[in-house]
Amino acid sequence: MERPCEPGSVRPTQFQPATSRFSYPSSDLAFFDVMAGEPVNVNEFEELAREALPKMNYDYFRGGAEDQYTLKENVAAFQRILFRPRVLVDVSSIDMSTSILGYKLSAPIMIAPTGMHELAHPEGEMATARAAARSNTIMVLSFSSSKTIEEVASSSQAVRFYQLYVYRQRDIAVTLVQRAERNGFKALVLTVDTARLGRRELDIRNRLVIPSIRNLEGLLSVEIDPTAGSGLEALASQVMDTSLNWKDIEWLKSITSLPILIKGVLTAEDARKAVEVGVAGVIVSNHGARQLDYSPATINVLEEVVQAVEGKVPVIFDGGIRRGTDVFKALALGAQAVMVGRPVVYGLAARGEAGVVRVMQMLKDELELTMALSGCPTVKDITRRHVFTESDRLRSSL
Ligand SMILES: Cc1cc2nc3c(=O)[nH]c(=O)nc-3n(C[C@H](O)[C@H](O)[C@H](O)COP(=O)(O)O)c2cc1C
Ligand SMILES: CCCCCCC(=O)C(=O)O
């Protein structure tokens, strides 16, 4: 199918479709590590995505807010955490499996909600959902998905959670939550760090044109001036319910029987409140550094949140996960699982469904190796004593 290359659309001719080279079961995927030109780690998918996408689309995925200080920190902070590996432990068999809200995963690595996957690949979230099923993991579908709840639900058997933004028009949330429930989504992820959209200067400069968010068809009508900066910012400023507050969790509970997780918690105070209001899980996230710049790197606040939650609900982590070693560090600091944002969309942009499977498999392979070399045969064996953080360093120098 030939399509013109226009802002907001992808260039189909630049995508390498999932060929038989990439359709092997995941157990054979290590074979491709040695294929010339193929990425050998998750970071290398970013360059392929950059080559595959129009600049506007790539910038939407890669960008952070303002000075992008937090964007760099999310990754750099992991590099300041070192290991305390234990030796002479039987690691002949490594079991990475875990469960979240009772759903078993092959490894504690989930797919974070990211908007508008059609800007990465024509098959959008349907391809991502199929990859989630093949990777035996949970996918959190973004409220701002390009494909509908129904399309995603019918495209794969993966366990899916539904991410929610609350717009001023509350009936939109009610309708979409009902559709998510009807279509077998297992939990709601309420994102609470987006009362207003962070200032993403790449999108402003590119005058980001957003493709249609099809779940909203017939529910919402907004006028967006395509010449005036970021289309996403224009949308957010018209629709987001900036009055949303802790009391509204009761309202959300009243419209759904699904468990509710809160995404975007960065402090002990908010973690305690989240537990008080009865959420089923807390997600430590700074929205991939796209909202409030100079928020701390998420890995630097994970422990504070974990301590405040006192094991009452699971704590999930995201932000800057690019290696299996990062996954291990987050688990050591108390996360039950991590979610991955950009690497998944880069995999999707570069190789479609197979690219996402590959990204997830790379992270799993690296986590497995890290567990073996740290003396941890199961995820339960990973403890706080297996890592040495900046605060440990400060404490030990006092
Ligand atoms: C392109 C992009 C779109 C995103 N869209 C959403 C979204 O629709 N809803 C949401 O809750 N978070 C969204 N996020 C934040 C992610 O869920 C996640 O917190 C973040 O990507 C994790 O950081 P990482 O990209 O370094 O893995 C988005 C992030 C990116 C990069
Ligand atoms: C109306 C709010 C749009 C948010 C779009 C997706 C998102 O969260 C992002 O970071 O981009």
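Placed from the backbone N, Cα and C atoms, the Cβ positions cover glycine too.
TrEMBL labels come from automatic prediction, so no person has curated them.
Long-range Cβ proximity for H287 (active site, proton acceptor), meaning a same-chain Cβ under 8 A and a gap of 6 or more residues, is found for T191, D193, T194, G198, G264. Residues or ranges marked as active site, proton acceptor in TrEMBL: H287.
Sequence-distant neighbours of R290 (glyoxylate binding site) (same chain, 6+ residues apart, CB-CB distance under 8 A): G63, G64, A65, L71, G198, R200. The annotation glyoxylate binding site is assigned in TrEMBL to Y60, Y165, R200, K263, H287, R290.
Residues or ranges marked as FMN binding site in TrEMBL: P113, T114, G115, S142, Q163, T191, S285, D318, G319, G320, I321, R322, G341, R342. The 10 Å shell around the Cβ of G319 (FMN binding site) contains 33 further Cβ atoms across the protein chains shown.
Taken from TrEMBL, the feature domain 'FMN hydroxy acid dehydrogenase' applies to 34-392.
Take P113, T114, G115, S142, Q163, T191, S285, D318, G319, G320, I321, R322, G341, R342, the residues named in the record as contacts for FMN: the widest Cα to Cα gap among them comes to 22 Å. In this structure, the binding-site residues that sit close to ligand 2, with a C-beta under 6 angstroms from any of its atoms, are R290, chosen from Y60, Q163, S285, R290, I321.
By the rule that a residue counts when its Cβ sits under 6 Å from some atom of ligand 1, the binding-site residues G115, Q163, Y165, R200 yield G115, Q163. It is 16 Å from the Cα atom of I321 (FMN binding site) to that of K263 (glyoxylate binding site). The binding-site residues considered are Y60, Y165; of these, Y165 has the fewest other C-beta atoms within 10 angstroms of its C-beta.
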